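S.K.: I have a structure here, written as C-alpha cells, and I will follow up with some questions on it.
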Amino acid sequence: VVCLVAYHIFFMLFVWSYWKTIFTLPMNPSKEFHLSYSDKESLEREPRGESQQEVLRRAAKDLPIYTRTMSGAIRYCDRCHLVKPDRCHHCSVCDKCILKMDHHCPWVNNCVGFSNYKFFLLFLAYSLLYCLFIAATDLQYFIKFWTNGLPDTQAKFHIMFLFFAAAMFSVSLSSLFGYHCWLVSKNKSTLEVFRAPIFRHRTDKNGFSLGFSKNLRQVFGDEKKYWLLPVFSSLGDGCSFPTCLVNQDPEQASTPGGLNSTSKNENHLFPAKPLRDSQSHLLTDTPSWSETSGKAEKGKVGMSNPALTMENET
C-alpha cells in the first residue's frame, strides 16, 4: 500500500509538471518593445548607419534594457521587429523572441523560458524521483533474476528491462537536473553560460546573480508552499531583472547611495532598472541601496549611448 501511494504521487506530479512544461506558451516581449509602424518604415528606408542608430535609440529610450550586443549595439531582432529585453533571445525553431530563453527542448517540443522554466525544473526533479523509485523497488526482483529466484516465465524479462530503463534514465536525468540546479543557483540560463551577458559597462557573466537565496526565489517565488507544485510563482514579468553591476555604468551620472565615479573599483549591488515590487524587494536588504536612491535611479532609465551601433542579432 505504501509503495502504491508513493508511486502514484510521484507519477501524478511527474505528469502534471510535464504537461505544464509542454503546454505553457513561452512569453514574448510586450508591445512596448515592438517598433511602431513609423519606426519600422524609418529603419527600412534609411541606410545602415547613424540614422538607423537614432531610430533604435529613440525606440529604446524609455525601455528598461541594459544588455547590449558584442559590438555595443542595442539588441534588436529584425525578424520580430522589436528591441530585445534583457535575457530575451530569438528562437529559430519557434521563429519568435522568447523572454529569458534557456533553450528549445525537443523532448517537450517547446521553448524553455521565463514562463515555464520552473515547470521544466520540477519535471526533471519528479521524473528523476519517479525513475529512482522504480529502480529501487525493482532491485530485489532484478537480483532474483540473476540468482534464478524468479519463476521461469516471460515476466522476468520485463523486470530486467524495467530496471535497466529506470536506471539509465536516472543517470541521465540526474546530470541534467544537477546542471540546471547549478544554473538556478547562479541565476544563469543555458544561453548565458555559452555567451555571457554584455552590459553597458562590460561583459559580466555574473551580472544577474544576487546570491543563492535570492536567485532561488526569483525562479520559485517567495511563497514556499508553491515551490514543489507546478504552478507559476516566479517573480517579475520576464522583461526586467534585478542586476548586480560589478562596475559603475559610465553613462550614469552617479551611482546609488551617493557614490561617485571615483569608487569604480568597488563592488556595489543595486538594481540597474525600474523593477516591479515582486523583484525590487530582492535588493532591499543591501546597504548600498536606499529608497531615495531608487527613485533617482528610475529617472536614469533609457539614457542612450551616442557611440552605439546597430547590430541585428538572432
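Even glycines carry a Cβ here, placed using N, Cα and C.
Dumping what TrEMBL says about this protein:
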- 252-264: compositional bias 'Polar residues' (COMPBIAS)
- 280-293: compositional bias 'Polar residues' (COMPBIAS)
- 74-193: domain 'Palmitoyltransferase DHHC' (DOMAIN)
- 252-314: region 'Disordered' (REGION)
- 6-25: transmembrane segment (TRANSMEM)
- 119-137: transmembrane segment (TRANSMEM)
- 157-179: transmembrane segment (TRANSMEM)
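Where in this structure would I find these features, and how exposed are they?
M.R.: Regional average pLDDT for the domain 'Palmitoyltransferase DHHC' (74-193) in the model is 92.
If you look at the transmembrane segment (157-179), the same-chain residues 6 or more away from its ends with a CB under 8 A from one of its CBs are 121, 124-125, 127-128, 131-132, 134-135, 138-139, 141-142, 145, 150.
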S.K.: Excluding the flanking five residues on each side, which residues at least 6 beyond the ends of the transmembrane segment (6-25) place their CB within less than 8 Å of a CB in that stretch?
M.R.: 105, 108-110, 112, 115-116, 119-120, 122-123, 125-127, 129-130, 133-134, 137, 230, 232
S.K.: Using DSSP, what is the helix/strand/coil residue split across the domain 'Palmitoyltransferase DHHC' (74-193)?
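M.R.: Final tally across the stretch: 66 helix, 18 strand, 36 coil.
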